[in-house]
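Record features, source TrEMBL:
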type: REPEAT; residues: 1-34; note: repeat 'WD'
type: REPEAT; residues: 35-76; note: repeat 'WD'
type: REPEAT; residues: 77-118; note: repeat 'WD'
type: REPEAT; residues: 119-150; note: repeat 'WD'
type: REPEAT; residues: 161-202; note: repeat 'WD'
type: REPEAT; residues: 203-244; note: repeat 'WD'
type: REPEAT; residues: 245-286; note: repeat 'WD'
type: REPEAT; residues: 287-328; note: repeat 'WD'
type: REPEAT; residues: 329-370; note: repeat 'WD'
């Protein structure tokens, strides 16, 4: 009835009419676990982002949460009045959302099993649910042909997205939660503005799942990579497909534009990266060398280089023009999920399922910094001045904190824009727009941290959680170094 890969593709879970879930090793085909406990068909299965848990939704009206390693059922979530069709974890695995034949969505605390929200409004079965990357929103697709967007903390339905001509089978948020994409039995993919509910595009052309989308840097084009092994380039203003790029032998997992939008790079499960001319669709390079599928690709800012991350745990740096391999960066203990260049191309940053972010000297291949984090990042970039690492879970200072003699930051250390709040890599400082403003005594230095806008939550070894809010309205102009410290 349902299958799902773990996020590193090492495992597959399958749900069946025989009322069981099986977990399989992708490489060997071995049946690792049989999860038994449901009393009716299993309709949906999903892995948590660290692959340690499996969620299953069943016709028996329950959602079960299982430990992947042991097969133990650690939660049975009960409350739906009819069978459940879909279940999904939030990105931090703290929440589970479920959609049901009873036309409702429920949001659950994964650890306690408590139902914290029952979301009502659909006129037919709920077929698909998805969390935004910060877990504040849930999108739901239904056989009533609509998508609804809800706040997880209350308020209810904030948008109803209406336009499909048949059942909605899948929904997904963009990384900044500004857009929702939906796939329907009417054969189309639609892109909607979360804030207004406006359908900004109806994209019709792929023959299978779309795995990756990327905007050109001037936002005039969108590239999409699909399980149909093709990349399509679309005009944002009209929705017209201007190119179909055909050449990969397996799923396309990642797409990226060069900064002048003249080239598209694509990474595939066929282990290759291809470089295409946007205007003509010509493949000008096929880069071979990875031992497993390619998960992430990106161009340097001058488009002279391409970096690729792979399930083989490596990052490779290539020359765009000649296709030569310049560096192989090896130190991660699991699949590489995201890669980015610094603005001057001297550094490469990488995120991995091993829950580290690494910074490398591109020329030498040396790993200069390893940030141990409590999450897997699917999006990574370097901020202005290359002193801040921006991720989908907040930002981190990656340069040593300079002892600036004045209130002014050094040249190039400009505000980080979308991620003004950050934690230094040594966990000693909270910084705002590149200024270290709050020194943390040893007992307050976090073992885990999360950033959301102007707030940071610090999880300490003592078991305490500290939430700090910073307002630019009360910060002294310039914010000199070492002005404040957190009282011990």
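Quick reminder: no glycine exception, Cβ is built from N, Cα and C everywhere.
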Cβ contacts the repeat 'WD' (329-370)/the repeat 'WD' (1-34), at least three under 8 Å, sequence gap 6 or more: yes
Residues from the same chain, set at least six apart from the ends of the repeat 'WD' (245-286), whose C-beta lies under 8 A from its own: 211-218, 220-221, 223-227, 229-233, 292-299, 301-303, 306, 308-310, 318, 320, 323
Helix-strand-coil residue split for the repeat 'WD' (329-370), DSSP-based: 0 helix, 24 strand, 18 coil
Helix-strand-coil residue split for the repeat 'WD' (1-34), DSSP-based: 0 helix, 19 strand, 15 coil
Overall pLDDT for the repeat 'WD' (287-328), taken as the rounded mean: 94
